[in-house]
Amino acid sequence: MESSSEQSEKHQGGRLENRAVDKDAIDVAAQLTAGSDMTVDPQVSLRLRRKIDRHLMPLMCMLYLMTFADKTTLGQSAVLGIIPGAHLTQTQFNWLGTIFYLSFLVFQYPQNLALQHLPVGKWISANIFIWAVALCAQSTCHSFGALFACRFIMGMCEGVVTPGYMIITSMFYTREEQMRRTGYWFGFNGVAIIILGFVSFGVLHSATPKFMPWQWLMIITGISTLIVSVIFWFFFPDSPTTARFLTPEERILAVLRIKTNQAGVENKHWKREQFIEAFKDPKTWVMALFTAVINVTNSLTNQRQIIVNQFGFTEIQTTLLGCVDGAVEVFSIYVAVNLATRFRNSRGYVAALFFVPSIAGSILVNCLPSHDRVGLLVSYWINILVFPPFVILLGWVGSITAGHTKRVTTNAIILCAYAIGNAVGPFMWLKRYQPRNHAPWAVISSCAFVSAILILTLRLMLAVENKKRNAEPYDDTYHNVYIIETDSDGKATEKTVDKAFLDLTDKQNREFRYVL
């Protein structure tokens, strides 16, 4: 019999030999499922998914709503008096939007590393608590420098939310379920816009001369987020392997339920070879380029109140019309993720399809006469359909990337690109282009067109790779892998580990097929 040192895990170019492996090298789910021959009945799986939905979705949606509402308070404040109240120029106002995403960019990879090493739910809630304090502090700011510092802190903390949510969604849901769930929590951005519109309408009627409407908005949203972050700390799970709302047996079933993902749950140990693979993988950079280009258009988030106001609507009308922005976003995201889920291998096509009306809308905003304010407003609303394709990508990434370190690294690269696009976008909204902003709208049309090409390119790359793998002989490299467990009597037992929980990357695991 081999010695324990001979049975330890061996790496050869990132490959595992067919023998005993170190527990630290494999997925945390392997320790729950090793040696188990349990299967998940479809009805049991459905009941379990509903239970997970009941405990996860309300908290995820509520926190995402609050964080989006918080970071868009700047845009709402544009018509609530922040520019004169804080003595800002248009350029300084644009910088407040940019510094948020520059900070997001700088702290993106450190935040993703923290998500790998620390409990996911706890780390998210701690960051959002700090974020909420920074948001409340903005209500006391009357200078560009003070607001700049608060926005920098918020950007640093926001870097944990979306990647954390992407990891959580891939932990608890199958690849078929991930797209809809991503759409559900991301769609609450639109709900946030609706709520923020009514709150802005209310604070515009506040009668406190020494405390302006924009300051009330910061306080109200900040305190609300503070409360949600505390609730999130106590009630949100870090992993299906430790979720308190699941029984010990349900935890095993929750892990087995996502075995078909061939991506595991998580691994707390950083792997250099997976980190390098993420950078060498061409699809990573196609997704990153798509993300950077499409998020140049996201500068509309902070500019939309100014844009609608300059169409010829009053401040009161603008705050209420902003609610329609949110309704359009919620509806379009819901339709997009359901179409992408309902029709097999349609993610790339659905994303590209949504760019068609959005391009038409941005062209109409540029071409309609200035006196046609209703036509301009409706065209602007049509352009909001530019947002769902990015949601589709977020729900797609976890389905086409395996290996926990690789997934964390890929998320970081994509969200760094997200930060770059969002940081660049505000600078095209220059004072000299107002009120019609022809140049920015032309850029938005171009970005949508390029993004459509990129998302179709991604789909083609994945389809070609699937076809190549289908033609390959069966790969048994990672079969007959086991861990050795010692009981209280000192007796060693070998427990087989399923290939899905070896923390293999999508390149290493040739059984992995990319969702299209």
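Residue numbers in this text run from 1 along the chain shown.
Placed from the backbone N, Cα and C atoms, the Cβ positions cover glycine too.
Annotated features in TrEMBL:
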TRANSMEM  93-111  transmembrane segment
TRANSMEM  123-146  transmembrane segment
TRANSMEM  185-204  transmembrane segment
TRANSMEM  216-236  transmembrane segment
TRANSMEM  348-365  transmembrane segment
TRANSMEM  377-396  transmembrane segment
TRANSMEM  408-429  transmembrane segment
TRANSMEM  441-462  transmembrane segment
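A Cβ distance under 8 Å defines the sequence-distant neighbours of the transmembrane segment (216-236), meaning residues of its chain 6+ beyond its ends; these are 55-56, 59-60, 62-63, 66-67, 69-70, 73, 76-77, 80, 121-122, 124-126, 128-129, 131-133, 135-136, 138-139, 196, 199-200, 203, 206, 208. Using a cut-off of 8 Å between Cβ atoms, the transmembrane segment (93-111) and the transmembrane segment (408-429) share at least three residue pairs, counting only pairs 6 or more apart in sequence. The transmembrane segment (441-462) and the transmembrane segment (123-146) are not in contact, since fewer than 3 Cβ pairs between them lie under 8 Å (pairs 6 or more apart in sequence). Of the ranges 123-146, 348-365, 377-396, 408-429, the one with the most Cβ pairs under 8 Å to the transmembrane segment (185-204) is 377-396.
Residues 332, 336, 339-340, 375-376, 379-386, 388-389, 392-393, 441, 444-445, 448-449, 451-452, 455-456, 458-459, 516 of the same chain lie 6 or more positions beyond the ends of the transmembrane segment (348-365) yet place their CB under 8 Å from a CB of it.
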